[in-house]
Amino acid sequence: MMNLLNENLTLAPCKYEYLDHTADVQLHAWGNSLKEAFEQCGIAMFGYMTNLSTVEVQAVHTIEASGHDLESLLFHFLDELLFLFSCDPFLICNKLVISEFNTEGEEFRIECKCYGEEFTLGKHPQGTEVKAITYSAMQIIIEPEQNNYEVFVIIDI
Amino acid sequence: MVVRSYNDELKYLEKINNYCWRIKIGFQPNMKVEGCFYVNAALEKLMLEELRNACRPGMTGGFLPGVKQIANVAALPGIVGRSIGLPDVHSGYGFAIGNMAAFDVNDPQSIVSPGGVGFDINCGVRLLRTNLWEKDVLPVKEQLAQSLFDHIPVGVGSKGIIPMNARDLDEALEMGMDWSLREGYVWAEDKEHCEEYGRMLNADPATVSMRAKKRGLPQLGTLGAGNHYAEIQVVDEIYDKWAACKMGIEEKGQVCVMIHSGSRGFGHQVATDALVQMEKAMKRYNIETNDRQLACSHINSEEGQNYLKSMAAAANFAWVNRSSMTFLSRQAFAKQFNMSPDDLDMHVIYDVSHNIAKIEEHLVDGKPKTLLVHRKGSTRAFPPGHPLIPVDYQLTGQPVLIGGTMGTCSYVLTGTESGMEQTFGSTCHGAGRALSRAKSRRNLNYTDVLRKLDDMGISIRVASPKLVMEEAPESYKNVTDVVNTCHAAGISNKCIKLRPIAVIKG
């Protein structure tokens, strides 16, 4: 855990929504860069587990994820975040900052700082449990001319 | 995906009888066998509607309708018989949910697919009986519901209360319910009334990632969220008195407890890990599938074997999990009625798995064959006299537990000989979703749903208010339609109908 004193704890604006799917839910997130869209997508997943306005930033953890293409990078990024929540430190995040975002070469890589606190019954309302991330109908839209970056991910719930 | 108009698609579908449709070869590319699905008039509409929606021009990138998914499964290498959709079928990840398919173990091309089991490995239903009657429970219903809710950890972020360390977990993964028995959480008879006697022997904890174990450890003995529940139910109808009697169900009004849960984060992670492995394996072995989500590997490949061993460990986890909640339910009842669980006759009637792959012997074209049977959202339903069902049910056929959804009925069916021939001894698993979760939340009102449940005399304790709408009866296919279709098609027989009086959910 790092010192939180010198960190910028301003929360990012909400750039995500939840779309219909019969048994599951589809996360749709966007931003001015692919990095931002990824961060937003991660927050969207946490937002499905609880009401994020109840979360205070009391801890920060760093995760790493890698993949062989953008889709697998996004998949593993979200899987790491889910893992962070599912066992020690049981972290529920309201802010993600990707500090390294390498999408070139053999191995794509993400390093991300995750801000939040331990999920506590009583303090954080129980939303829906996320079972797993899926590749199902996964879409990553990159339109630099329009300054538009979007991702779509179905999570199994 | 082949793009055709809805009317052209219909040419590949043929109604064989009032309860069964055939999906002809050619509906999807490379189909090795035909597909079929069981529906009655009401469910048929839902099924075809889903297909029609997918055929609308401009539909891109969405999800495949269940009927297409059944056909894609029919195109997998090594499949035998038919790819079968049960009456509660709906679109899922890779395989449809409510889809079963069998693969010839002795054909080197045959595959095993984690998508054919699902993320919640060995999700299943357990039914406990009691010797209490509705009139005994009604006066203390609220207290009992609260007590169950207090005993069983539910919902997202809840942690198990069964003491457990990493070594215990490894033993539990290997031993399944034998572990629960050794630790004193269950009775010896419980094992008898459980598929596989609560332990898959090929489980190997060494094939399971640390990640899965870390996710599993805090969650053992928790119910989970979503469609999982613990319910206090009352026998509402008995269709087969003799079979019901064998299960210890005597009269209408008898009180039972149903637990619907699975392998929690442990199973989810085992499935996720396997999907990543198999994606790589598919490239290496040049396995062609119609859909990227049908990640699979040859049964006898390293990846295939590792998956089967880790899946078995996850299955054992789920049995230990349901056993832990059996223990907690017995405690809650014992405290409320000040009697021991034994005096309350709280025996396990049966425990079924509806997300699992198993190696079984079946007759194919009159010849015995060893098959790997995938059941995803489908329950095993073996007929009377089958060697793998317990002595107590040798004459009745295997009890099949069909969980309804919050506020609707649940059923106990029995396996039939005809089901053995038609569907490799498989039947439906529950209601199956009809509305998406978001749609349920938009269309339904929290207080309305609660009032309706209250009008029906159902107490409810739920951790997440959102779930009340998402899991409302209106969001699901009618479980009675589903069960009646199975009965009419002869793939299982109706035995008992149960009505909930208290629901505990995530």
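Residue numbers in this text run from 1 along the chain shown.
Even glycines carry a Cβ here, placed using N, Cα and C.
Taken from TrEMBL, the feature Mn(2+) 1 binding site applies to B:D120, B:C123, B:H228. If you look up TrEMBL, you'll see B:C123, B:H260, B:H354 marked as Mn(2+) 2 binding site. Among the features that TrEMBL reports, GMP binding site is placed at B:227-231, B:354-355, B:403-406, B:S410, B:429-432, B:K505. Residues or ranges marked as active site, GMP-histidine intermediate in TrEMBL: B:H429.
Features per TrEMBL, on structure.
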| residue | record | Cβ neighbours (10 Å) |
| --- | --- | --- |
| B:D120 | Mn(2+) 1 binding site | 27 |
| B:C123 | Mn(2+) 1 binding site | 29 |
| B:N227 | GMP binding site | 24 |
| B:H228 | Mn(2+) 1 binding site | 24 |
| B:A230 | GMP binding site | 28 |
| B:H354 | Mn(2+) 2 binding site | 31 |
| B:N355 | GMP binding site | 29 |
| B:T405 | GMP binding site | 26 |
| B:H429 | GMP binding site | 30 |
| B:G432 | GMP binding site | 28 |
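In this structure, the C-alpha atom of B:D120 (Mn(2+) 1 binding site) lies 17 angstrom from that of B:T405 (GMP binding site). Each residue contributes its Cα atom, and for B:G432 (GMP binding site) and B:H354 (Mn(2+) 2 binding site) those atoms are 12 Å apart.
Sequence-ordered, the extra residues of this chain that approach the Mn(2+) 1 site, with Cβ no more than 8 Å from the Cβ center of B:D120, B:C123, B:H228, are B:G124, B:G224, B:G226, B:N227, B:H260, B:S261, B:G262, B:S263, B:A318, B:N355. Separating the Cα atoms of B:H429 (GMP binding site) and B:C123 (Mn(2+) 1 binding site) is a whole-number distance of 10 Å.
Note: the Mn(2+) 2 site is recorded as B:C123, B:H260, B:H354; in the same chain, B:D120, B:G124, B:V125, B:H228, B:S261, B:G262, B:V352, B:S353, B:N355, B:G403, B:H429, B:G430 also have Cβ atoms within 8 Å of that site's Cβ centroid. B:C123 (Mn(2+) 1 binding site) has B:H260, B:H354 nearby among the binding-site residues B:A230, B:H260, B:H354, B:T405, counting only those with a Cα within 10 angstroms of its own Cα. In this structure the C-alpha atoms belonging to B:H260 (Mn(2+) 2 binding site) and B:T405 (GMP binding site) are separated by 10 Å. When the Cα atoms are compared, B:N227 (GMP binding site) and B:H354 (Mn(2+) 2 binding site) turn out to be 13 Å apart. When the Cα atoms are compared, B:H228 (Mn(2+) 1 binding site) and B:H354 (Mn(2+) 2 binding site) turn out to be 13 Å apart. Rounded to a whole number, the distance between the Cα atoms of B:A230 (GMP binding site) and B:H354 (Mn(2+) 2 binding site) is 16 Å. Candidate binding-site residues B:D120, B:H354, B:N355, B:G432 yield B:D120 as lying near chain A, with Cβ-Cβ distance under 8 angstroms. The Cβ of B:H260 (Mn(2+) 2 binding site) has 28 neighbouring Cβ atoms from other residues within 10 Å, across all protein chains displayed. B:A230 (GMP binding site) carries a strand DSSP state (E or B).
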